[in-house]
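Visitor: One structure coming up, written as structure tokens, with questions to follow.
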Amino acid sequence: MSARDLPLTDHYDVKRGEDGHRYLVPLIRGFNLTRIPLLNKGTAFTAEERDLLGLDGLLAPQVDSLEVLVERLYAEYAALDDPMRKHTFLRNLQDRTEVQFYALLSRHVEEMLPIVYTPTVGEAVKRFSQIYRYPRGLTISTQNVARARRALANVPLNDVRIIVATDSSAILGIGDQGFGGMAISIGKLSLYTVAGGVGPDKTLPVELDVGTTRQDLRDDPHYLGVKHDRLTGEAYLQFMDTFVEATLQRYPKAIIQWEDFAKDAAFDVLRRYRRVVPSFNDDIQGTGAVVLAGVLNGCRVKGERLSDQVVVVHGAGAGGAGVAAAIREGLRREGLDDEAIARRVFVLDSRGLLTDDRDMEPYKRDLATPKGLTDGWAGTDLLSVIQGARATVLLGLSGQGGIFSEDMVRAAAANTERPMVFPLSNPTANTEALPEDVLRWTDGRALVATGSPFPPVTHGGQTYEIGQGNNAFIFPGLGFGAILARVREVTDGMVTEAAYALAAYTEEHHPQRLYPPVTELSRASVAVAVAVIRQALADGVATEFEVRRLSDDELRAFVERKFWQPKHLPFRLE
Ligand SMILES: O=C([O-])CC(=O)C(=O)O
Ligand SMILES: [Mg+2]
């Protein structure tokens with residue numbers, strides 16, 4: 001059978017009736033139906049369905065509407081007092097029934113995002129071996145990589161369009177987490193569905209378990225990953241080649257989001273595969289785009305241009321490097337040449353400013369400042385760079401909680417009326433500075449955005465909303481747009497357009513803010529997806545014929561129509 005002939009999943013197919021409505025054709029019957037989260041309706045199976053499917057007597061007598069079910073689930077959720085308990089409650093719900101999980105999540109996005117995603121997902125990663133229950137997603141490890149094709153054939157989904165894959169080498173700001181990184185892939189994909197409109201049966205979380213450098217994990221009898229040191233060099237690349245090749249064969253229409261790879265691997269993997277399989281790195285490109293959007297909005301609020309700013313990026317991992325590249329691209333669009341750009345963007349790693357006289361990893365060389373530019377500075381540490389370069393924008397991607405000290409923030413505030421200070425590292429404990437401190441140190445002048453969610457800050461009788469500069473505002477729309485345009489490749493232009501689309505959305509709907517509220521994640525993602533499709537067409541990488549002839553309004557309507565909604569579809573036997 002060719003891929004086209006296969007049902008959507010091994011357990012059901014989705015068809016469209018003559019009336020235009022979709023329905024499910026189950027390929028299993030009876031009790032087993034209640035064990036497949038993509039099929040299980042629980043007490044929402046109707047009387048007719050119970051009769052038809054062999055469920056009579058197996059369920060409570062009442063037939064629930066989705067609304068009532070969600071109310072009941074929410075009451076149970078709200079009674080839990082601890083974020084990890086809430087996380088496992090939601091994850092267990094997802095592993096019982098996807099529609100109910102997404103119906104609940106979509107009605108409480110603001111409240112539940114920090115539970116299924118950052119910051120609580122960081123804790124879930126650390127405790128993944130303890131909370132592991134259900135075989136969600138695909139694990140390719142050193143134990144089964146030789147059988148990667150067979151492993152992929154075991155996945156019951158036949159039309160996967162988006163894969164989030166991590167090797168767990170640099171999860172958030174918390175480093176190597178071994179097998180636990182699977183929780184990040186799962187969390188990111190929840191956002192793809194709730195905010196990016198991709199149906200859950202088209203998503204696949206992947207953990208690439210190449211081992212872990214963490215001796216404590218390897219010694220832990222409860223640790224569920226493979227217990228040896230990480231593959232590196234040729235062996236690592238061979239492992240990755242095998243995964244990519246097997247994935248392409250099983251899912252020729254899939255896009256891969258590379259997630260939380262440590263710096264060198266992040267660049268190597270992106271470069272090696274982005275033209276083999278349409279893919280992007282979320283931490284380099286997604287974070288780069290989201291931060292560019294926030295800084296552009298900060299400029300608008302200040303009544304200035306990007307080229308009026310001097311940007312200091314603290315942290316030269318995947319995120320820091322991606323952010324520096326995105327800001328440079330923004331400056332280029334304002335007409336600056338390389339030399340002018342070098343005077344406006346400075347990147348530091350743990351040893352200080354990257355200058356071109358230093359020994360460093362190859363990927364950092366593009367980020368280095370000509371040594372001559374630092375003449376007359378007190379040094380190349382963070383405070384000296386803020387003072388010497390007269391920084392107006394301070395971006396934290398270092399993973400080092402609290403590293404932005406009062407004197408550094410005050411130094412930035414001495415260079416401009418309204419400094420932008422974005423402590424972006426995740427999860428919350430890794431935030432470079434607390435928003436309330438930044439606002440206090442600058443007497444409310446700073447424009448602040450963080451990577452993890454923070455409550456509003458009241459200072460001097462005024463309340464400041466803290467925008468969440470998290471790639472969650474980019475990747476769902478970027479991936480959804482790439483899927484809808486059926487791209488051959490995710491181009492840099494598509495990523496940059498995603499940033500400008502997010503900035504424009506924010507300007508239109510929230511002119512005083514740096515980012516929209518997370519309640520608008522899905523609306524912002526639609527705007528991002530439309531811009532991404534447009535750019536894919538302009539770059540000649542879109543293969544979907546249908547999007548070619550659409551006007552902007554039609555394209556938006558097309559994206560909205562394709563947006564998956566959590567609803568129980570009726571079952572029919574054929
Ligand atoms: O997951 C998040 O919240 C954002 C991100 O990609 C990271 O911090 O690595
Ligand atoms: Mg990440």
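Keep in mind that glycine also has a Cβ here, set from the backbone N, Cα and C atoms.
Note: TrEMBL annotation is automatic and uncurated.
In case it helps, TrEMBL gives these features for our protein:
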DOMAIN    94-274  domain 'Malic enzyme N-terminal'
ACT_SITE  Y117  active site, proton donor
ACT_SITE  K188  active site, proton acceptor
BINDING   E259, D260, D283  divalent metal cation binding site
DOMAIN    284-537  domain 'Malic enzyme NAD-binding'
Visitor: Take the domain 'Malic enzyme N-terminal' (94-274) and average the pLDDT across it for me.
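Guide: Across the domain 'Malic enzyme N-terminal' (94-274), the average pLDDT comes out at 98.
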Visitor: How many neighbouring Cβ atoms, not counting its own, are there within 10 Å of the Cβ of D283 (divalent metal cation binding site)?
Guide: 28
Visitor: Whole-number Å only: compute the distance from the Cα of the residue listed as 'active site, proton donor' to the Cα of D260 (divalent metal cation binding site).
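Guide: Taking the Cα atoms only, the residue listed as 'active site, proton donor' lies 14 Å from D260 (divalent metal cation binding site).
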Visitor: In the same chain, outside E259, D260, D283, whose C-beta lies within 8 angstroms of the Cβ mean position for the divalent metal cation site?
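Guide: Once E259, D260, D283 are set aside, the remaining close residues are T166, A170, I171, I184, W258, F261, A266, N281, D282, A318.
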Visitor: Of Y117, E259, D283, the recorded positions listed, which put a C-beta under 6 Å from ligand 2? Please answer none if none do.
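Guide: List returned for ligand 2: E259, D283.
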Visitor: If you skip the near sequence neighbours and keep only those at least six away, which residues in the chain come within under 8 angstroms of the residue listed as 'active site, proton acceptor', Cβ to Cβ?
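Guide: Within the chain, the residue listed as 'active site, proton acceptor' has Cβ neighbours under 8 Å at Y117, V164, P205, Q257, E259, D282, F475.
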Visitor: Do any residues at least six apart in sequence from D260 (divalent metal cation binding site), in the same chain, have a Cβ closer than 8 Å to its Cβ, and if so which, in order?
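Guide: Sequence-distant Cβ neighbours: T166, D167, S168, S169, A170, I171, L172, G181, I184, D282, D283.
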